[in-house]
Amino acid sequence: MSSPRVLAIVLAGGEGKRLMPLTADRAKPAVPFGGTYRLIDFALSNVANSRYLQIVVLTQYKSHSLDKHVSMTWRMSTMLGNYVTPVPAQQRVGKNWYLGSADAIYQSLNLIDDARPDIVVVVGADHVYRMDFSQMVDAHIASGAGCTVAGIRQPVGLSDQFGVIEVGEGADMGSTPRITAFREKPTDPTTIPGSPDEILASMGNYVFDADALVEAVTRDAADDSSKHDMGGDIVPDFVSRGSAAVYDFQRNDVPGATDRDRGYWRDVGTIDSYYEAHMDLTSALPVFNLYNDRWPILSQQRPLPPAKFVHGWHGRAGTAVDSIVAPGVVVSGATVEGSVLSTGVQAHSWSSVTDSVLLDGVQVGRHAAVRRAIIDKNVVVPEGARIGFDPDHDRARGFVVTPSGLTVVGKNAVVEP
Ligand code: ADQ
C-alpha cells in the first residue's frame, strides 16, 4: 500500500468516574489540562500532526462541552477545515446509547462506508503524549497483521488499569511482533520477560485494516456475551486468530522531541495521575515539553489579553515561579509556586498558590492560601480562606480529598470565607 487512505476515529465517550468531581458535568476528554487545553486536544493534535485529516470523534457521555469544544476549536480551525466531525451517539441500531467502545464504532459503520479507508486508526482521547501515528501505520502494514496495538512499558502494579500484552519469549520489539496473549486489566499479569517489575501495556491506540475492523465489530455486535469493548473483546478476538501485532511506542520518534520528553505518555485517569501530569509541566526542564513547535498541541485560542504580574496595593510583588500561567491571568501581589494557572485566573494581594492546579477563571482572594489542590472552573476562594492545609476540614466542607492528600474543589462549590 503506497499511500493508504486513512480514517481516524477518536473514542471520546469515556465517563471518567475516577476523575470526579472534574467529570461531574463534562466528559473525560473535555476535562481541561495544562492551562489552555482539553484532554482531547492531545489525541487530535497527534492525529492532525500525523497528517491524517479525516477524523471523526465519537462522543456520548455528558458531551455538551466536548461537542462545543470540538466544533469551535477543531471543526472551525483553519488548518483542518471541516475534517473533524463530532458524532454523538446515534442510536442508529437499537435504542441503546453506545454500550462499549466497540459498539460506538459499530453504530458508526456508515462513516467508514462513506470514507472508504484502507486503514482505520482508533485512538483514545484521554492521554497526554506526542505520537506520530503514521510511523505506527507503516509498521502495521509491514507486519501483515489485521490489528496493531500500541504498547508501552508500565509498572506491574498498574496492570489492573490496562490491557496487558504478551509476546513470545525473545520477540523482537523493533519489528512489530505478533501478540500471543492479551488480557484486559488483569490482577495477575504476565510481566515482560527479563523485567519482572514491568508489563507491556496497551495504550488504547489501534491500527486496523478497515475491512478486518468492520468484520470484527459486526461479528461482535451479534455476540450477546460480549461487552462490546475494544480492549476487552475486539483485540482479544484478533489475538485468538493470530492477527494482532504490537507496535512498541519506544520506536516512535516525533520531530522536535528532547531526550527528556521522548517516550512521555501519561494516562490521566485518576485525580492523582491528572495532578502529577500537571506537575510534569511545571519544572524548568519539564519531562513533557509543551514548547515543541514542530509537533504543536493545538487548542482553542480565545482572544484573551496576555498574563500580567503586578505589585499589590501595598507594594508586594506578584510573582510566579516554576509555574505555567495562561493568557488572561492576573497575579497581583500574590505568590505562585509550582502551579498551573489556567486562563483568566486572578490571584490577589497576600495570597499564595503552591503546588496547585487552578482551572479557568478561579479567583483567589486576599490573604487566601491554596496548597496541593485542584480547583475547578470559576470557583471563588474568598479572602483569608485556606484550602489544602487540613484534610478533615476540607472533607467537612464537601471537597474531595484523595488518599495522597490532594484536595479537589468541584465546579460549583461555594468556599466559605
Ligand atoms: P479504558 O480507558 O479503561 O482502557 P475505556 O473506558 O473503554 O477503556 O476508554 C477507552 C477510550 O474510549 C477513552 O478515550 C474513552 O473516552 C472512550 N470510550 C469509552 N467508552 C466509549 C463509548 N461508549 N463511546 C465512545 N467512546 C468511548 C483502554 C483500553 C485498555 C488500555 C487503556 C489505556 O481498553 O486496554 O490499556 O485504554 O489507557
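In case you wondered, yes, glycine gets a Cβ from its N, Cα and C as well.
Keep in mind that TrEMBL annotations are predicted by a computer and have not been checked by a curator.
Taken verbatim from TrEMBL:
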BINDING   Y98, G163, E184, K185, S202  alpha-D-glucose 1-phosphate binding site
DOMAIN    8-282  domain 'Nucleotidyl transferase'
Determine, from DSSP, whether E184 (alpha-D-glucose 1-phosphate binding site) sits in helix, strand or coil.
strand
Nonlocal neighbours by CB distance (under 8 Å) for G163 (alpha-D-glucose 1-phosphate binding site), same chain, sequence gap 6 or more:
V149, F182, R183, E184, K185, A201, S202, G204, G231, G232, V235
Going by a 10 angstroms cut-off between Cβ atoms, which of the binding-site residues E184, S202 has the sparsest surroundings?
E184
Where the criterion is a Cβ under 6 Å from an atom of ligand 1, which of the binding-site residues G163, K185, S202 meet it?
G163, S202
Work out the three-state DSSP category of S202 (alpha-D-glucose 1-phosphate binding site).
strand
Around K185 (alpha-D-glucose 1-phosphate binding site), how many other CB atoms lie within 10 A of its CB?
15
